[in-house]
Amino acid sequence: MGPPPAAPAAAAELFGPRLAAAERFTELLATAGVERGLIGPRETDRLWERHVINCGVLAEVVPEGADAVDVGSGAGLPGIPLALARPDVRVVLLEPMERRCRFLQEVVAAVGLEEQVSVLRGRAPDAGIGPEGRRFGVAVARAVAPLERLGAILLPMLQPGGVMLAMRGSRILEELQDARGSLGTQGWHPVDVVVCGEGRVDEPTRVLRAVRSSQLSRAEGRKGRGDGERHDGRQVRRTARDSRRSREVDRDQPTRGQSRST
């Protein structure tokens, strides 16, 4: 386990005056992150491009002044790079595992983000987030769940008109083709794929962008609460059950700036 490589020019362009904080974050990923099992030891040499910059370029598609939640934040990816790249965006790092939350709290303090970023332990239903609690303008997620399930998890966490930004791999268009019908039924419209970071990184970041409909019908709303296909209701019950288990255990490619609607 060694230190990460020096920050590339793309990092200076992306993080600007916060480059030193991004360097500190990357160093923590390479040391404490590896020691605590949040980052694989083989990832150290590619932390900048594969993780930090890869996540930070989400800044290109986050609305100005957004109130965002990073769902299943893990090592702080993508939430912390997003916050570093966008000082105007407030970020909540939502993470169910206590040991990961401790790491995130240490990182937030070490990089000086206490006024912009907060750490919340739990899952959406039992963390005061959702239909009966706080809702966000943006929800970001990286490698959390298949798209159909992810859509069901994130929909009740967002305000009407809120945006889901799901980082996916090279098969994003195939995934979307399979999940398109379910996402529409859940209440996501429009849905498209955007590419972030072109010209900054060798492999740009592919993001599924979906907007929560602001004009759901009553019938659609009931589906979200458990009628019909019951995507939302079923997921809320599942995540609540998973949360209890968690506490017991541990405690295709458009050009830059363009999108492909589906």
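Placement of Cβ uses the backbone N, Cα and C atoms for every residue, glycine included.
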Same S-adenosyl-L-methionine site as GLY72, LEU77 according to Swiss-Prot: which of ARG142, ARG149, ARG168, ARG171?
ARG142
Counting only residues 6+ apart in the same chain, whose Cβ is under 8 Å from the Cβ of GLY72 (S-adenosyl-L-methionine binding site)?
LEU94, GLU95, PRO96, ALA141, ARG142, VAL144
From the centroid of the CB atoms of GLY72, LEU77, ARG142, the recorded S-adenosyl-L-methionine site, which same-chain residues not already listed sit within 8 A by their CB, in sequence order?
CYS55, ASP70, VAL71, SER73, GLY74, ALA75, PRO78, GLY79, VAL140, ALA141, ALA143, VAL144, MET167
